[in-house]
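What follows is a short report on a single structure.
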Amino acid sequence: MFIFIIFIVLFNMGAGGVSGGVEEGAEIPTHAAAPPGDDQGREGAEGNTNFVPGFLKFFPPFSPLAVPPTAPPSPSFPEPVDAFRMAEVRRWPSSDIPVVISGLYTPETRRGIEEGLKIIEKYSCIRFVPADDVGMGLAAHVLVTPGAGGCNAVPGYNAAPGYVSVVHLHAPDCITRIGHVLHEILHVLGFYHEHQRQDRDSHIEVHYDNILPGHEANFKRIFNETLGLPYDAGSVMHYGPKGFCSDCSKPTITARPGVQGAERMGQRINLSVTDVARLNRLYGCSGHYLGEELQGAASYVPPPAVEEPRPPLPPTAG
């Protein structure tokens, strides 16, 4: 027990959230298309999302047991699924998200993580607050840690007291490109992959024969959530043309003609306008960008109140 307490203290040294928010506003991110070959195949670093087994959610936040070594298989998710029922399961109850950044990061690496959090704050009503301010160990919170390698995250919110929503961002691979940070933080905020939408076959073709064995689940259609927004191949939550490729001279994903964002598919530069609109719709950020002028978008509908307790969260890929 004494050794375990020392571990907690050392692990928490230098940890904390993002201090101060970025001024609110209905801003829209702009960036150039990803250069040819940019981020192609880089999804191998993002890997599968890790899931904390149920019996571990009651351990203290910094317990080494709170970081699962492997991810269990991803089962099928029933379809069709109502968009806001999924939102109720995954959405955090407040736009103030308690977060701890591990003290194992260098100051430079920590700044890279904080920059990703600030980008999300800039375009939405989400605010990342130090978990110490809300009672460490008493409230569910996000823990950003290097882990054993790779980039992955536990998706969404869990109402269990002291539950740790773990984000693994191994340095430097997961942090040198800000989009990898954004990708995993959006997972923890409740996002699934864009290319796993139920309507994706109308927009892309997945070449299963070229997917690296063992990663087929990362391409499986698992949800029907759109929040009234069109498909966006340029989303930071979309894999690139050669994500998890077996033969990387060939694609694993091909965009169909006329698909929105096809020229940026796989970009890890910034949030897309659809990412921003979806985040704001999911969290009811009505004073921010909602994407109502996007071609094919439906009018914004405020999300229902989150009720406790909520059903278990279905697994997804990272």
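Even glycines carry a Cβ here, placed using N, Cα and C.
Record features (TrEMBL):
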{"type": "SIGNAL", "residues": "1-20", "note": "signal peptide"}
{"type": "DOMAIN", "residues": "82-286", "note": "domain 'Peptidase M12A'"}
{"type": "BINDING", "residues": "HIS183, HIS187, HIS193", "note": "Zn(2+) binding site"}
{"type": "ACT_SITE", "residues": "GLU184", "note": "active site"}
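Sparsest Cβ environment among the binding-site residues HIS183, HIS187 (other Cβ atoms counted within 10 Å): HIS187.
Of all Cβ atoms in the shown protein chains, 27 besides its own fall within 10 Å of the Cβ of HIS193 (Zn(2+) binding site). Of all Cβ atoms in the protein chains displayed, 26 besides its own lie within 10 Å of the Cβ of the residue listed as 'active site'.
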